[in-house]
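First the structure, in the form of structure tokens, and then the observations on it.
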Amino acid sequence: MAEVSYLSHARYGKDKVRVLRVVRDGAWHTIVEYNVTALVEGAIETSYTKADNSVVVATDSIKNITYYLAKTSPHVLVPERFALHLGTHLVSKYAHLNKAFITIEQLRWQRVPISQGAGQTPKPHSHSFYRDGDEKRTVEAEIDATAGKDKITARVTSGLKDLLVLKSTGSAFENFVRDEYTTLVEVNDRIFSTSIDLTYTFKPISIPKPADGEGKVFDAPVTGDAAKGTPWDGDALAASTREVTLEVFALDESASVQATLYKMGQRIIAENSQITDVTYKLPNKHYVPVDMKYLGVDNLSPPKAEIFLPLAAPSGLITATVSRK
């Protein structure tokens, strides 16, 4: 009987590799906590079609490689750089693998501030940290050695997610479509709250063939001014795109979530020449004024609305991508 199907795509690896790295510089410690996914593609089809495990690098080995590089990589504190190191090692070490897909989610840790006395700026503690929110920094890197181990390229998308924001005025929503299905009241002053998910994609970059042939040793090909605005400058880009997002959110007299989103994306594109696309996902966090008319209290008109009921669902979801021309 003739076969009526074929393996059109295959990818595998290790998901949810959790790692905390402590980098010690004398008494000064720095930490990063990552959730890592590392997937690979290549000449692996026979493991699916022929039950041939000789082409399989065990997912346990991929996990161990992740831990090994977390221990030895000089790039571990910058998630973009660490993702590129990990992916380059996977496609360089194994001849039959030609693509690696690395996803990193960095959890947020801040140094505990220690009081230096009245009127003095608190001093960051050398080795004590606290979690100051659910916000996470994200990186997705595709490392491609399809053209050869000496012609590796990479595509990197960075961003953040779960950044919860709220402003109590400076937002309106009016002049939208009204028909028989419309119950929403137009407002010229409302609470604007959302949990920001942002991703931004860099122009593709080239990865030189590792000097050791395997990628255990991995040097950034550009540094200093040449690295600015590229994935090699990931920390600076993470800080600046976050700052832009928060500043536009706070200062924009918002006609809608859509209009504010577009201004955020426009500014990131304008200020970062190596970024090609910016995507936001902004779910509405609804706060509904409580009707107190039965008590003779006005809590519905914008100047008087002060008591709100937070509603988890259903919620609006506004998404868009702003791209470079």
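Note: Cβ is positioned from N, Cα and C throughout, glycine not excepted.
Copied over from TrEMBL:
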| type | residues | note |
| --- | --- | --- |
| ACT_SITE | K14 | active site, charge relay system |
| ACT_SITE | T59 | active site, charge relay system |
| ACT_SITE | H286 | active site, charge relay system |
| BINDING | T59, D60, F173, R190, V257, Q258, N284 | urate binding site |
| BINDING | D60, F173, R190, V257, Q258, N284 | 5-hydroxyisourate binding site |
| BINDING | N284 | O2 binding site |
| REGION | 115-134 | region 'Disordered' |
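Sequence features, as recorded in TrEMBL, placed on the structure.
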residue : record                           : Cβ neighbours (10 Å)
K14     : active site, charge relay system : 19
T59     : active site, charge relay system : 16
D60     : urate binding site               : 9
F173    : urate binding site               : 20
R190    : urate binding site               : 23
V257    : urate binding site               : 21
Q258    : urate binding site               : 14
N284    : urate binding site               : 18
H286    : active site, charge relay system : 17
*Between R190 (urate binding site) and H286 (active site, charge relay system): CA-CA distance (Å)*: 10
*Calculate the distance in Å between the alpha carbons (Cα) of T59 (active site, charge relay system) and K14 (active site, charge relay system), and round it to a whole number.*
5
*Out of F173, R190, Q258, N284, point to the one nearest K14 (active site, charge relay system) in space (Cα versus Cα); all of them are binding-site residues in the record.*
N284
_DSSP on the region 'Disordered' (115-134): how many residues come out helix, how many strand, how many coil?_
0 helix, 8 strand, 12 coil
